[in-house]
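One structure below.
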Amino acid sequence: MAPKTETKAGAGFKAGVKDYRLTYYTPDYQVKDTDILAAFRMTPQPGVPPEECGAAVAAESSTGTWTTVWTDGLTSLDRYKGRCYDLEPVKGEENQYIAYVAYPLDLFEEGSVTNLFTSIVGNVFGFKALRALRLEDLRISVAYAKTFQGPPHGIEVERDKLNKYGRPLLGCTIKPKLGLSAKNYGRAVYECLRGGLDFTKDDENVNSQPFMRWRDRFLFVAEAIYKSQAETGEIKGHYLNATAATCEAMLQRAQCAKELGVPIIMHDYLTGGWTANTSLAHYCRDHGLLLHIHRAMHAVIDRQKNHGMHFRVLAKSLRMSGGDHLHSGTVVGKLEGEREVTLGFVDLMRDDFIEKDRARGIYFTQDWVLLPGVMPVASGGIHVWHMPALVEIFGDDACLQFGGGTLGHPWGNAPGAAANRIACEACVQARNEGRHLAREGGDVIRAACKWSPELAAACEVWKEIKFEFETIDTL
């Protein structure tokens, strides 16, 4: 007969459920330089203490689970657990807190944005004790930032490649975004580039559809680029969207672009995924291609004030994963974006070192050390009357994208492009002369209209067009 065995609780293990805060709420914790820090906007369910909710967020996004497990004794929780180290009530909101959580560096795979976000936001957002949860900001430690390649080239290298300095770059998204044949698409690209724009762009959902297969588009666009370069004497580019159903197909499209000799390609980094984007960024670094990033799907994640992730977090993820351009909103156009908040994450994209500034939504000081900067792209419902504000808000290191604001010109694409180029150069000259664009921008544009019929026609078409709605995502 087999001997009877008796199960006893060991000295280091007691089965059952205990409050998260007993292990994961540590207000006395001293944050380490190597820690990854997160700021969550947290709304507990009625009756749930904020300390318990903050601890639950730390636990469920690191080492914890709903009950005590005996395998806790096989590792060091003090070394690996996340810690909620501070709770801050949100002013003007009832039962809402900013929970600050510190994660040890060893929890994350080096150079993997996918692993970082799988851990921090992968599971905890569905936790029943929380009514809502939003990741407002992350502090990426220097030690972790150094494990990423980041953008393939960065702002300075891009300007050297294009030989364009002292002004914002100008672009245009080809419209209609779907339905054009490859030949007509290439014709639209050529007209915009010869008119004075630096770039044209595939829209985010232009991949390889029956009406225009990707290889046909690439060939006609390359022809348009070379023809416009020969006519203008300037380097031109088109963001050829390499986003595809598989990583293999994506890299095949990138290789085709490289062989055609075009300067830049494009990727939808949220719908395509961080792993695919990082792979493409490495390919672009190795083969001399610039990488334009579209943020399609971002508003599903970031638009609601109480739940999801703020775009500043998505922007940081892109700087780590890799991209030379990133759409960032316009402040003045048709898409959501408060001025101070937008400028906060634009600085996080471009600058090497950014101080904590709660007035702009920046919860942590961020040091990017070796990672190149990302050029913000202002796109969505902008036209020539917006140019003074755009130059004043974004400065030189930005790409201003006028889709309808180019193709909607009453005289055609090339005059529309010329109108935007003239408006941009007039605003830059006025700024360099010391004029205040926020106050005098309208006068600057009207003065330029006197010698530019293309600009005058554009100003007449869009003189009454405004997008004035209350911003949803405010500080």
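Just so you know, the numbers here start at 1 and follow the chain as drawn.
Yeah, the Cβs are placed from backbone N, Cα and C, and that goes for glycine too.
ARG295 is the only one of ARG213, ARG295, ARG303 that Swiss-Prot places in the substrate site (with ASN123, THR173, LYS177, HIS327, SER379). With LYS175 (active site, proton acceptor) as the anchor, the candidate recorded positions are LYS14, HIS294, HIS327, SER379, and the one with the nearest CA is SER379. Taking Cβ-Cβ distances under 8 Å and a sequence gap of 6 or more within the same chain, the neighbours of THR173 (substrate binding site) are THR200, LYS201, ASP202, ASP203, SER379, GLN401, GLY403.
The binding-site residues considered are LYS177, ARG295; of these, LYS177 has the fewest other C-beta atoms within 10 angstroms of its C-beta. Close to LYS14 (N6,N6,N6-trimethyllysine) in the fold, though at least 6 residues off in sequence, lie THR68, each with a CB less than 8 Å from its CB. The closest partner of HIS294 (active site, proton acceptor) among the binding-site residues, by CA position, is HIS327; the full candidate set was ASN123, LYS177, HIS327. In the three-state DSSP reading, LYS177 (substrate binding site) counts as coil. Fewest other C-beta atoms within 10 angstroms, among the recorded positions LYS175, LYS201, HIS327, are seen around LYS175. According to DSSP, HIS294 (active site, proton acceptor) is assigned to a strand segment.
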